[in-house]
Amino acid sequence: MPELPEVEVSRLGVSPHLIGNTITRVVVRERRMRWPIPQEVAKVEGQKVTAVKRRAKYLLIETAQGTLILHLGMSGKLRVIDASTPVIKHDHVDIVLSTGKCLRFNDPRRFGAVLYQAPDTHIPMLDNLGPEPLTDDFDDTRLFTLSRNRKGPVKNFIMDNAIVVGVGNIYANEALFLAGIDPRRAAGNISAARYKSLTATIKQVLAKAIEQGGTTLKDFAQTDGKPGYFAQHLNVYGRKGEPCEACGKAIESKVIGQRNTFFCTRCQR
């Protein structure tokens, strides 16, 4: 599943091809996505793209006549290609540009979304979202304060989009390892000092992932559909039974909040 770094890398990759150019057509081949694609997406046709933003895992393609809201879901990916490129299976939407290019949205599982929001109106799905993790709005004081009296596992707590957006499963595992915190520990039983460390490691792993993803930006202009996700060194995620690189003890795995969780019982307390 694309997580925040992958979506941010997508934004960085497609932005130069969109901003300042005009959307000539929005071609919808399949409307049955996570939510039905509305007819109103056509309202951006003939409009110049003024900005491409990200909020949580939503991409916002802004024009004077409204905003297209994209979500990659479980399996979605974006390609900037020649508009004449033959369609392949699961190519559900094209945002065709005046340059002869198009932004093509491919989504095999159809859990993604393409929605329209009129100018100066409220975007309901962005309600109740916490701060972006790489901004100053996300700090250890907020995290510690909101954690008080929370009995659930700290991993679930930091993955709650009302607390902070975009800390998906991979990066929650990695941040907790670097902070030395057991993901099973109750969020309310962690000290302010340890939340300071955890806030720093969340920012660290997300920033590093985005930086590493920057080397794949060339993929967004290719026709082979490479998603632009990036291989990176992971300390615990997906490494059940392998030795911890810090202490040598075998990495353990447990399902927490319906997600596989990986940790070292020696390094994480």
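Heads up, the Cβ atoms here are built off N, Cα and C, so glycines get one too.
Taken from Swiss-Prot as is:
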type	residues	note
ACT_SITE	Pro2	active site, schiff-base intermediate with DNA
ACT_SITE	Glu3	active site, proton donor
ACT_SITE	Lys57	active site, proton donor
BINDING	His90, Arg109, Arg150	DNA binding site
ZN_FING	235-269	zinc finger
ACT_SITE	Arg259	active site, proton donor
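Locations of recorded Swiss-Prot features on the structure.
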residue: Pro2; record: active site, schiff-base intermediate with DNA; DSSP class: coil
residue: Lys57; record: active site, proton donor; DSSP class: coil
residue: His90; record: DNA binding site; DSSP class: coil
residue: Arg109; record: DNA binding site; DSSP class: coil
residue: Arg150; record: DNA binding site; DSSP class: coil
residue: Arg259; record: active site, proton donor; DSSP class: strand
Averaged pLDDT score, the zinc finger (235-269): 97
Spatially closest candidate among Pro2, Glu3, Lys57, Arg259, the listed active-site residues, to Arg150 (DNA binding site) (Cα to Cα): Arg259
By Cα-Cα distance, the member of recorded positions Pro2, His90, Arg109, Arg259 nearest Lys57 (active site, proton donor): Pro2
Sparsest Cβ surroundings (other CB atoms within 10 Å) among the recorded positions Pro2, His90, Arg109, Arg259: Arg109
Which of Lys57, Arg150, all recorded positions, has a Cβ with the fewest other Cβ atoms inside 10 Å: Arg150
Integer Å distance between the CA atoms belonging to Pro2 (active site, schiff-base intermediate with DNA) and His90 (DNA binding site): 17
For Glu3 (active site, proton donor), nearby residues of its own chain (Cβ under 8 Å, 6 or more apart in sequence): Lys57, Gly166, Gly168, Asn169, Ile170, Tyr171
Nearest-integer angstrom distance between the alpha carbons (Cα) of Arg109 (DNA binding site) and the residue listed as 'active site, schiff-base intermediate with DNA': 13
